[in-house]
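The ATP binding site annotation in Swiss-Prot covers 315, 316, 317, 318, 319, 320, 321, 336, and the record cites sequence analysis as its basis. For 371, the entry in Swiss-Prot reads active site, with the evidence type sequence analysis.
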């Protein structure tokens, strides 16, 4: 009887995951219709809905198990036996890897993230890495330019399943061919093979054709973002073939793609060729499997810990007033713990901070806010913690620590991509880097604002610089919606002595913001202030922010491009007469 109950529980968990992933695919499949109808508010709503599906279905399964098993549901040894049976259900299961993560989530919900040991949950996968020699549904279709690139691209684009007309397909094909001829030699293009993913990748206002361009000297990404104009006609906005550009398109600071992937492991394996710099966790994250990516991030962390002898240290940069941040010297992640007590000037609660981090996960991050993974009861061997960090932990977050002798448990933390703090980057930057990064910094603020996000604290220390030179915001405790802020001009002084007074001569409400004050606390360096005013002086005007607010209230959703504006075909000269692409510097207001 007990054996039958264990089998029933294992099957219930797997069926619960089937239901979750079925709904995940259902929401994803609606991306084509939302794109064709230009229903951008529905795009944003579907993104949030899909993120919530996972936790919702975990909750449903947990309630089912409590009804089925009674008190045995709280028996860790019982669930360890269930895990053994569950493992035997997976060898022929197409989404085994995410099913394992779903089991982990159910277990953690039942046991409040306690007793997290390999015998009770899938710390590592139970299945071999290369599961499927043959897949039931091909990931991609192959094209060969036997009759020339023009004809091949015409066939490729004519097969796109979108039910909208093309604005000018011959023109777009001409743009693509001209770009390829500038980028690669005629000999390379003659020997090329192109593989294109069968499914479109939807995000924001674009549907992406994603492909692999195989040339004699290697494999290159081949990315074509499809947009449509105000009349509902399709056009290709650019062609991207560099790994750096592809990495940004699939970057950690962007919303997840909606791509129909009934076999996600096969899609991830296929993408790895064009995104060799991305880890397994990052690829699962890019296609929207954020909970499984969390599992993979943790596995990457465990692998790094096992292969290194580094100690955890306090992260470089200015210490935060809300978060304690630490890292490993050569690891590409940081760990952030909410402090038990905040500095007096920080009028927020821990609950508010956590809500801000959840808002960022669900919101369109427009390439300017880093995604995070949330962990509970994170265990670290004490000998791997530097004495300075250990002292800092006990000083700042004692309520979130549990001492297990040779190990330390941190009850709650966030893991986030490590970047160079902007304030540290500025100290080392040469003249060109300084110009570029200040332009990027202003662009980041503008793009966040256009996406209805006001960063709140815009000091340099709250932004990071990625390896691609992009500026990304990562301090979320003061963010709010743009529509919640009251942008004001500073009233003229009533008397000359008002300007010398310690207190302002005008009233200030909690949500009041005075953009005229930004230069004083953002740019103490005169040279940096001059650069910023030249490129982004409009940020110091209340009218600029009010105009953005009005567009947001009217329901306007801005176009977001995962590449520089100068790369857009519409921004270039006629490609038939262009011999080289302008590739210098950052553009003004890239989106």
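The backbone N, Cα and C atoms fix where each Cβ goes, and this holds for glycine too.
Owing to the predicted nature of the structure, the values given are computational and were not obtained by experimental measurement.
On the structure: features taken from Swiss-Prot.
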residue: 315; record: ATP binding site; DSSP class: coil
residue: 320; record: ATP binding site; DSSP class: coil
residue: 336; record: ATP binding site; DSSP class: strand
residue: 371; record: active site; DSSP class: coil
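Comparing the binding-site residues 315, 321 on other C-beta atoms within 10 angstroms of each C-beta gives the minimum for 321. Cβ neighbour counts within 10 Å, taken over all protein chains shown, single out 320 as the most crowded of the binding-site residues 316, 317, 318, 319, 320.
Taking a C-beta cut-off of under 8 Å and a sequence gap of six or more, residue 336 (ATP binding site) has these contacts in its own chain: 323, 324, 325, 372, 413, 414, 415, 416. Less than 8 angstroms from the CB of residue 371 (active site) sit 252, 253, 285, 290, 360, 361, 365, 416, 417, each of them six or more residues away in the same chain.
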